Amino acid sequence: MHQLAQAVTAGEGEAAQTRSVDEALTALSSSPRGLSAAAAAARLARHGRNELVHGRRTSLARRLLKQFTDLFAVVLIVASGVTFLAYFLGDPRDPGNVQLAIAILAVVVLNALIGFMQEYAAERTAEALQAMVPHRARVIRDGERVEVPAAELVPGDLVVLEAGDAVSADCRVVEAHELTVNNMALTGESAPVWRNTEPVPPEVSPPDARNLVWMGTTVAAGAGKAVVVATGAATEFGRIFRLTSQTTADTSPLRRQVAIMARRVASAAFALGLLLFVARLSAGGSLVATFVFALGVMVALVPEGLPATLSVALAIGVRRMAKRHALIKQLVAVETLGSTTVICTDKTGTLTTAEMTVQTVWAAGRAHRVTGVGYAPEGEVADPGPVRELLRVAAMCCDARLLPPSGRQGWRVLGDTTEGALLVAAAKAGLDLDAELQSAPRDGELPFDSVRKLMTTLHTRDGRTWAHVKGAPQELLARCTHIRGEGGVRALDDDARREVLAANDGMAGSALRVLAVATREVSGPGAGHGEAENGLTLLGLVGMLDPPRPEVVASVTACRDAGIRVVMVTGDYALTAEAIARRVGILRPGVVPRTVTGAELDGTDDAALQALLTENPDVLFARVKPEHKMRVVAAFKDLGEVVAVTGDGANDAPALKRADIGVAMGESGTDVAREAAVMVLLDDSFASIATAVELGRSVYQNIRKFLVYLFSHNIGELVPILAATAVGFPLVPLSAVQVLAIDLGSDVLPALALGTEPPEPGIMNRPPRSPKQPLFSAALVRRFLFLGCIQAVVVTTAFFWRIHTAGIPFAEFTLDHPVYREALTMTQAGIVICQFFNGFAVRSDRLSILRIGLLSNPHYLAAQGIALAIMCAISYAPPLQSVFHTAPLSLADWGLLIVLGSLVLVADEIRKALLRRKEAAT
Ligand SMILES: Nc1ncnc2c1ncn2[C@@H]1O[C@H](COP(=O)(O)OP(=O)(O)OP(=O)(O)O)[C@@H](O)[C@H]1O
C-alpha cells in the first residue's frame with residue numbers, strides 16, 4: 001500500500017512511463033486480473049471519486065451583487081434615486097413619490113432575486129443533466145470484465161480501451177492493439193497518436209510518452225488495456241481544470257433576439273418618456289409631477305418580467321424532453337429542434353430494437369433454421385453439423401458476453417448485440433464457448449471498425465494460429481479465396497460467389513442483418529491486417545432478425561405529417577436497409593427507393609449529391625461509412641435544410657457536429673458521440689427524436705404566446721396615459737406603482753403558465769418553421785397590436801367612464817379625490833381582467849378556445865386566480881389602498897369590466913373564425 005501511495009501522489013505519469021508493464025502493475029499493486037472488488041472499494045474510500053471537483057466558484061454574494069449591475073437594474077436604481085429627490089424638491093411634497101421610489105427599488109431587488117435564482121437553477125439543471133448522461137468505464141476486476149461508473153475508477157484499476165471510448169483517468173498502457181488516441185482536449189493536437197506498451201525514458205515529458213493515456217482524451221482506433229495511475233483532481237486534466245474556471249455562456253439566438261427586443265422596447269420607452277416629459281413641461285406642468293408622469297410611462301413600457309419568463313419556458317421545455325428520454329445539452333437546441341426539416345437516422349438500435357436473434361445460418365450451400373427468440377439460449381439449430389464450425393469461429397470472434405438471468409432481469413448481453421446473437425446461436429448449437437477458448441485462447445485482435453466492417457481474432461492451438469474473421473458479407477467475400485462446402489474446402493470461383501451473394505440477398509430481402517464468417521491459418525499471433533484478413537476461407541453466412549421498434553412506425557408517420565423528411569443512412573446492406581425502411585414506413589408501399597451506397601457516393605461530387613437529394617424524395621443510403629454520413633448532412637445543410645442526425649460511433653462525431661442537431665445514443669453510443677451531440681437519447685429510439693421535435697415546436701409556440709400576452713398589455717398600459725395627455729386630464733390614469741404591480745405581480749404567473757401549455761392540436765400537421773423567420777415576425781407584432789389595441793380601448797373607456805359619471809371638470813381632480821381613486825382602480829382592474837381573457841385568446845393563433853379547452857391548462861387558471869386575488873387585495877385592503885391610491889370597486893364595476901374585458905376574447909374568436917374560413921376556402 002505504501003508503494004501505491006508513492007505512485008499516486010507525485011509524478012505518477014513520469015514514474016509509470018519508465019517502468020515495464022509488469023513493474024507498472026506491481027507498483028500499483030495491480031495485476032493482469034485487475035483489482036479485487038474489495039481493493040477497489042478501499043481505494044475509492046482512500047482516493048475519493050474520480051471526479052473533477054469544481055474549482056472555486058464565484059461566491060453567492062458576488063453573484064447576487066452582479067444582478068444589480070445589469071443595465072435595466074442600473075437605470076431603475078437611478079430612476080428610484082431621482083424619485084426620492086423629487087419628493088424632497090416637490091412643493092407640496094407628494095408621499096406618492098416615496099412610494100414609487102420604494103416600489104422601483106423593490107422591483108430591482110425582486111428582479112435580481114429572480115435572476116439569481118434562475119442562474120442557480122439553470123446551473124443545477126445543467127449539472128443534473130450532465131450527471132444523467134451515462135459515463136461508464138469498462139474495467140477488469142477479479143479477472144472479469146465489468147462496467148463501472150467512470151467516477152468509481154481507482155488507481156490500479158485495469159481499464160479496457162476501445163475505439164470511441166473517452167479515457168476517464170490517467171493511465172499507463174499495458175496492452176495495445178493498433179491503439180491510437182486523440183489528445184486534442186489536452187494538447188490541442190487533432191491528429192490521433194499511436195500508443196504502445198514500451199517503457200519510455202524519464203527525459204521524455206509525460207504528454208509525449210507513448211505509453212500513457214490521459215483523462216479527457218479519447219481512443220481514436222484500435223483497442224488495449226491500461227492501468228490507472230491517477231484519478232480525479234490528481235490527473236493532468238484535473239490540474240488544468242482547476243486553473244480554468246469554467247463558464248458556459250448561453251448564446252441561444254432566441255435569447256439574443258428577446259434580449260435585443262427588450263432593449264429596443266426599453267430605448268423606445270425612454271424616448272417616449274422623454275418626449276412626453278418635454279411636451280408636458282412646455283404645456284406648463286410642474287417639473288416634479290411631469291417627471292413622475294414620464295417615469296410612469298417608461299416603466300409601463302419596459303418588459304420587466306420577460307427575461308425571467310423566457311428562461312423558465314426553455315427550462316420547462318428541457319425538463320419535458322428529459323422526461324420523454326431526450327436530454328438536451330444546450331438550451332439552443334430546443335428551438336432549433338422545432339424547425340428541423342430533415343432527420344438522417346441510422347437503423348440498428350434507432351429504428352430497430354437491436355435485440356438480435358440469429359434466424360438462419362447458411363453453410364455448405366444450404367440454409368439452416370435456428371429457432372427461439374431473444375437472448376435465452378433456448379432453441380434449436382436444424383441440422384447443426386455443418387453449422388457448428390461456422391458458429392464456433394464466429395462466437396470465438398466476439399467481445400460480447402452473455403449474462404445469465406439475475407433478479408428480475410432475463411438473459412442479457414454485455415457489449416455488441418450482433419455478437420450477443422452469435423453467442424446465443426452457438427449455445428443453441430451445443431457449443432461450450434469457454435472450453436473452446438481454453439483450448440484455443442485468443443492471443444490477438446484486430447477490432448471491428450465501421451470502415452473495414454470486419455473484426456478478427458487470433459487463436460493458437462497446438463502451436464498453430466488461426467484467424468477468425470466475421471463481418472459484412474460483400475466486404476468479407478472480397479477477401480476470401482476459398483469456401484467450405486459439403487465436400488470440403490474448394491476454390492471460391494465466380495459461381496460460388498454468385499451463390500453466396502444470392503443467399504445473402506435472400507436473407508437481406510426479408511429484413512435480416514447478415515454477417516459472413518471466415519477463417520484461415522496465419523503465421524503467428526503477431527499477424528496484421530494484411531495477412532489475417534486476406535486469402536480467407538468462407539464458412540458461410542448468419543442472418544439475424546433485428547425487429548423494428550414498434551413505436552417507430554407512428555413516429556415516422558408523425559414526422560412525415562409534420563413536413564419532416566426522414567432519411568435512413570445506415571452501415572448495413574442495401575436490401576436489409578430497404579426491407580426495414582419499408583417496415584417502419586420510411587418507404588411507402590409500392591415505392592421503389594433510390595438506394596445510394598457508400599461506394600456510389602465516393603464517385604458523386606457535392607453538386608450531384610445535392611441534385612440527387614432534391615430529385616429523389618425516397619432516397620436511402622446503405623453501406624455507408626461515417627464520412628459519407630457527414631457528406632449527406634453537409635449536402636442537406638447546403639440545401640438550406642435544418643438537419644438532425646443520429647450517430648453512435650466515435651467516427652460519427654464530425655457528422656454530429658456538422659448537423660444542426662447531433663443526436664447521440666445514450667445506451668449504445670460511445671462517449672465521443674455523446675460529447676459531440678447536442679441531444680442524447682436515453683432510450684436510443686427514433687420515436688424520442690420525433691417527440692423532441694414536437695416539444696421543440698411547442699416550446700417555440702409557447703414563447704410566442706407569452707410574448708404576445710406580455711406585449712399586448714403594454715399597449716393597454718400606455719394608451720390610457722397618452723389619451724389622458726391628449727384630452728388634457730391633469731393626472732395619470734394608471735400610476736407607475738400600479739404598472740409595476742401588474743408587470744411583476746399579476747402578470748408573471750399567467751405568462752409562466754402559458755409557457756407550460758401542452759402542444760397545440762395539429763402542431764405536427766404543419767410544415768416546419770423556417771429558421772430564417774424572426775421571433776418577432778410581422779405576424780407576431782400584428783397579433784399583439786390587435787389584442788393590445790382592444791385592451792387599450794377597454795381600459796381607457798373604463799377610466800374615463802368613471803371620471804365622466806362624476807360630472808366634475810377635469811381641473812378639479814386631485815390625487816386624493818375619491819372618484820379619481822376609483823377610476824385608477826378601474827384602470828388597473830381593467831387590465832387584469834383583459835389579461836385574463838387575453839391569455840385565453842393567445843393560447844392558439846387560429847384555433848378557438850373552445851377547441852383548445854377553457855380548462856385544459858390548470859396552471860393558467862390557478863395563475864389567473866392568484867392575479868385576481870392580488871387585484872382584489874389592492875382594491876380592498878386598506879394598507880394596499882394607501883400604497884396604490886386605490887378604492888374598493890363595486891360589483892357593478894366588476895360586472896362592467898368583465899363585460900368590456902371579454903371583448904378581447906370575443907373579437908379574437910371572430911378573427912380566428914374568419915381566418916379559418918379563409919383557410920378552408922383556399
Ligand atoms: N461486431 C461486428 N463484427 C463484425 N462485423 C460487424 C459487427 N458489427 C457490425 N458488423 C458488420 O458491419 C456492418 C456495418 O456496421 P455499422 O455498425 O457501421 O452499421 P450498422 O450497425 O449495420 O447500421 P447502422 O449504421 O444503421 O447502425 C454491419 O452491417 C455488419 O455487416
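Backbone N, Cα and C define each Cβ position, glycine as well.
Feature annotations, courtesy of TrEMBL:
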type	residues	note
DOMAIN	15-88	domain 'Cation-transporting P-type ATPase N-terminal'
TRANSMEM	71-90	transmembrane segment
TRANSMEM	96-116	transmembrane segment
TRANSMEM	265-283	transmembrane segment
TRANSMEM	289-316	transmembrane segment
TRANSMEM	784-803	transmembrane segment
TRANSMEM	823-842	transmembrane segment
TRANSMEM	854-877	transmembrane segment
TRANSMEM	889-907	transmembrane segment
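As a whole-number mean, the pLDDT of the domain 'Cation-transporting P-type ATPase N-terminal' (15-88) in this prediction is 82.
In terms of DSSP secondary structure, the domain 'Cation-transporting P-type ATPase N-terminal' (15-88) contains 50 helix, 1 strand, 23 coil. Long-range contacts of the transmembrane segment (71-90) within the same chain: residues 97-98, 100-102, 104-105, 107-108, 111-112, 263, 266, 287-289, 291-292, 295, 298-299, 302, 304, each at least 6 residues beyond the stretch ends and with a Cβ under 8 Å from a Cβ of the stretch.
Of the two recorded stretches, the transmembrane segment (96-116) does not lie close to the transmembrane segment (823-842), with fewer than three CB pairs under 8 Å once pairs fewer than 6 apart in sequence are set aside. Beyond the transmembrane segment (823-842), the same-chain residues lying 6 or more positions past its ends with a Cβ under 8 Å from any Cβ of the stretch are 705-706, 708-709, 712-713, 716-717, 720, 733-735, 738, 741-742, 746-747, 750, 753-754, 783, 787, 790-791, 794-795, 798-803, 849, 854, 860, 864, 867-868, 871, 874-875, 884-889, 893-894, 897-898, 900-905, 908-909.
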